[in-house]
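Listed in TrEMBL for this protein:
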- C:12-35: transmembrane segment (TRANSMEM)
- C:53-259: domain 'ABC transmembrane type-1' (DOMAIN)
- C:55-78: transmembrane segment (TRANSMEM)
- C:90-114: transmembrane segment (TRANSMEM)
- C:134-157: transmembrane segment (TRANSMEM)
- C:200-221: transmembrane segment (TRANSMEM)
- C:241-262: transmembrane segment (TRANSMEM)
- C:291-313: transmembrane segment (TRANSMEM)
- C:325-352: transmembrane segment (TRANSMEM)
- C:330-528: domain 'ABC transmembrane type-1' (DOMAIN)
- C:364-384: transmembrane segment (TRANSMEM)
- C:404-427: transmembrane segment (TRANSMEM)
- C:460-487: transmembrane segment (TRANSMEM)
- C:507-527: transmembrane segment (TRANSMEM)
Amino acid sequence: MRISRFIPAALAAVVPFIAGPASSADRALTVFTYESFIAEWGPGPKIEAAFEAECGCDLTWVGVADGVALLNRLKLEGDNAEAGVVLGLDTNLVAEAKATGLFEAHGLDTKAVTVPGGFSDDTFIPYDYGHFAVVYDTETVANPPASLKDLVDGEPEQKIVIQDPRTSTPGLGLLLWVKSVYGDDAPEAWEKLASRVLTVTPGWSEAYGLFTSGEAPMVLSYTTSPAYHMVAEETDRYQAAEFSEGHYLQIEVAGLLANAPDKDLAREFLDFVMTPGFQNVIPTNNWMLPAAAITMELPEAFGKLVEPKKTFLYTPEEVAENRAAWIDEWLGAMSR
Amino acid sequence: MRQHRAIAFDGVAYGMGELSAAFDFRRQSGTVTAILGPSGAGKSTLLNLAAGFLTPASGRIILDGRDVTGLAPSERGISMVFQDNNLFAHLDIRTNIGLGLDPALKLDRAAWTQVDKALERVGLAGFGKRMPATLSGGERQRVALARAFARRRPLLLLDEPFDGLGPGLAADMLGLMLEIRAEVGATVLMVTHDPDEARAASDQILFIAKGRIAADAPADGFFERRDLPDLQAYLGSGPV
Amino acid sequence: MLTRGEHRASRAAGLAALMAIGLALAVPIAVLLTHGESTGVTSNQGDYLIRITRFTLMQAGLSTLLSLVFAVPLARALARRPDFAGRRWLIKLFAVPLGLPPLVAALGLIEVWGRNGVANKGLGLMGAETPFSIYGLSGILLAHVFFNLPLAVRLILPALERLPPEYWKTAANLGMSGLSLFRRVEWPAMRRSAASAAGLVFMLCATSFTLVLVLGGGPAATTLEVAIYQALRFDFDPGRAVLLSLIQISMTLIVMLVLKFLGTPAEEGETKGGGTNRPDVQGGLHLLPDAVLIGLGGLFVGAPMAAVVVSGLSADLSRLLTDALFWRAAGTSLSIGISAAALSVLLAACLVRARYSAGHRPRSVPLGLLAGLSGAAGSLTLLVPPVVLGAGWFLLLGGGAGQLLAPLMVIVLINALMALPFVMRVLEPAHQNTLERNGRLAVSLGVVGRHRLSQIDIPAMLPAFATGFVFAVALSLGDLGAIALFGSDRIVTLPWLLYQKLGSYRTADAAGLALLLGAITMALMIVAEKLGTRNGSVDR
């Protein structure tokens, strides 16, 4: 029957169409990142415009749900990845990312970068940072948790949306935060917290969307998130809860893929990341703190944010060594 | 046998236009009336109106001295036997009859004895535990008669009950029906399309055509009448 | 009837189709098995696997129970009220979820039952303190009932409508109360179809993927299928995916064997627009419970669909329709759908004819086997759910990264197999009819072999082919299971795009997309139905 031969032929015919149009610019760079970075309201579009004006090239974003999904995706695609730069891993994932052998030292001068704890690396360049925090809706939460213990032991009817540590860096951050505070008792803490969790989303965007649309009164986000509502929406309604134990730090990084089609352009982009052209966009678009000098005034709202008294951060090696076991522990506790 | 009005249709009208029907007739208690007529003429409509399955648009239906026009079928004091499917196929024979005595089947020992007696009466003693599907068509109709016998309602409505049984069996059943009727003292309305059946069993005829009663007459000599064109057409030219 | 040569050709074609299907199923399973060695089960993982399995069975059991608990009284109420205005439309409405992409339905359900949805606002007004949660177990159950309550009603209702009208007259004449009638007559009549509906619903819920993925909300409410997907896409842990897949296959196998043991699968009978007259049922105040039940049932099924339309229309459709990505996704979806449908129809045609041919000599063991296998091929594909099938191919292709044609062909294959049981059910009666009507004449005229296929059999079955084809396209168009594993920025289908929009919380875009996707699949379903009723042979 001729139809059997027709199917591959039909598919082959539409493949160019499916794969999308090829780029027209001479130089092109694809950057892998997470969804919220490239949303219309995120920093992506502005950074793209700024960089394209400088390089005369075509910058294309490819987004996945969140930071950890980014690493999964790289492991999956291996050498086949067509991107030049990966932007959106954090220090927790750095050792594991290096172990894949897919990254190459950037060879750039990174003295412009300043982040808490002074993280520096030959492969990954920090581009912003922030502290994880539980953000709550003051209209529905009268007594926000004052500590992680409060959050764990609190009223189960008052729900929180968290992210999956297998796909999302905030999700992984909370996992490490709980581990920092509870140590070996972390599984019990997760079991208790599970009753307060409305849903576990693969990425930050979906979780935060659920929160702002009123599906849940609390969400795992950052101490800087309220600044967005104060600046862009001129409201104090959403606030971050300060936890007495301290907050877990996230430093987000970008790195160069060894298989980058145009390595010079990729390096050019990484250099750009450390300049005000990139950094100025971060505070009021990614709503994180800049990792290098900016040439703008931070909005007043940033002065009103929670400033953690104590900061937690595991080394990349500690995370790499324990991540799989801790995630199994988390799965075990959350599925109980 | 009491001699009062057992059935009265007082200007009963049903439906509209082409399909409309209007009936007006009376019957003395203890009579057997055969309802005849071409198919689609309204025989079943008449029966369904009497049974309470259809509600008349106007007029009154009097059964056994009571105005039953607004009453539910079960409150009218009637028993019915259809051509087919008189028995719930998934319930055994005793249960099928028992439901006739109490629709919730809350029966005491006396009532169950009554059920067995009824089966005995139609010649099916010992069939109580069997399922309807294991019985022949004729036997199933006997069970239906047994149920009517056990119920002892003053009115018996039959909708072509012996159709499809074959002439010999039908005649037997007809005989059984007449005996039961006599024992219960019921008044009978029987839809049939077999003139022989009407002649053998009934003392009155209602001949229905186009939703109206074309003739209401004693059975004696009815089929010899030549003044009814509808009847001629119905009987055709064959032997009468 | 067929000539000897035609018999040979039919059987050869059937055998080839069977082998193709066998290969499509065996290869991924073999890959999963050989991959299995790398699995090291830590105690923690063991606990997790047991809990996931338990949850999968538990949610399927509860979903089945809830669907049936509501479907039985609803079917009864519909049978009791055979002629109210809109009854035909309501029954048509109940057929819609069967063809609705789960993702679209999930969106509608969130719209209605979410924290800020109409339902929760109503519950709040009625004094409910804690809102109903669309996430987790309650959300999964809600979605499963939304899909399976109408299905169960459509399976059960004909059992009541088939009862002879004399039953209702007798019941009225004897004065049986509603309760007595239910106990003695209606329930015994419904029991069989209710049981087989329960089996079908259980099977569908035990292998449900999309709804759990979207509404599950965490490890506590994850089914095996979703866990397989997560093991591959979240953890890239093939060992765990293999283990989960094997558990899934054993589970579906056991469930199918139990169902087989319990009796014949449910067939949807013709649900006429109007049922049998019910003189045993009274009007007036007695109408109220039935009316309330039917009203709530219609609302429950209709509201999420209405919500999809309303929120979809308020989205920026013109922007969506000018988005190149939308057209790429639509093009990809259609190409996959058309290819999958062509493959599915081809396989089904071979199987149906082989089954017919082999069935004519029932005493031959090999032919009996061929007939049996051809008939079972459809349900064989149910044994290995799309995600498991995809997992095997996924591992074989190394994640399908950087490839385009191979993953596409896998998606096509999986979608074709998914549609196979439905397509076979459409083709089988049409084929039977054609051969009965034209068989002897064709043979006596000597129009046989290739000529007969092209001149007689294929033209005569064209409406059935078209119905099966369109139906398969619609089914493939709404599928997220296969694409979930292989989806990337290279391969984007409409459901995948919709899932991504949901994930990035672009609610308005998602709503618009859901409306478009829902409208396309519904239009295809209607076309399939129309072709089918003209053909007079479809009963889905």
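Glycine is treated like the rest: Cβ placed from N, Cα and C.
Where the annotation comes from TrEMBL, it is an automatic prediction and has not been curated.
Proximity of distant same-chain residues to the transmembrane segment (C:241-262), defined by a Cβ-Cβ separation under 8 Å and at least 6 residues beyond the stretch ends, is recorded for 29, 32-33, 35-36, 38-39, 41, 49, 52-53, 56-57, 195-196, 199-200, 202-203, 206-207, 224-225, 227-228, 231-232, 379, 382-385, 388, 391-392, 395. Looking at which of C:90-114, C:291-313, C:404-427, C:460-487 has the most CB pairs under 8 Å to the transmembrane segment (C:12-35), the answer is the stretch C:404-427. Of the recorded ranges C:55-78, C:90-114, C:200-221, C:460-487, C:507-527, the transmembrane segment (C:325-352) has the largest number of C-beta contacts under 8 angstroms with C:460-487. Long-range contacts of the transmembrane segment (C:507-527) within the same chain, counting only residues at least 6 positions beyond its ends with a Cβ under 8 Å from a Cβ of the stretch, are 96, 99-101, 103-104, 107-108, 111, 305, 308-309, 311-317, 320-321, 326, 470-471, 473-474, 477-478, 494-495, 497-498, 501. Remote same-chain partners of the transmembrane segment (C:134-157), defined as residues 6 or more beyond its termini with a Cβ less than 8 Å from a stretch Cβ, comprise 59, 62-64, 66-68, 70-72, 74-75, 78-79, 91, 93-98, 100, 102, 105-106, 109-110, 113-115, 117, 190, 193-194, 196-198, 200-201, 204-205, 208, 211-212, 215-218, 220-221, 266-268, 271, 275, 297, 300-301, 304.
By number of Cβ pairs under 8 Å, the transmembrane segment (C:55-78) is matched best by C:291-313 from the list C:90-114, C:291-313, C:404-427, C:460-487. Among residues of the same chain six or more beyond the transmembrane segment (C:460-487), those with a C-beta under 8 A of the stretch's C-beta atoms are 99-104, 209-210, 213, 225, 229, 232-233, 333-334, 336-338, 340-342, 344-345, 348-349, 385-387, 389-391, 394, 400, 407, 410-411, 414-416, 418-419, 422-423, 426-427, 429-431, 434, 437-438, 493-496, 499, 517, 520-521, 524-525, 527-529, 531-532, 534-535, 537-538, 540.
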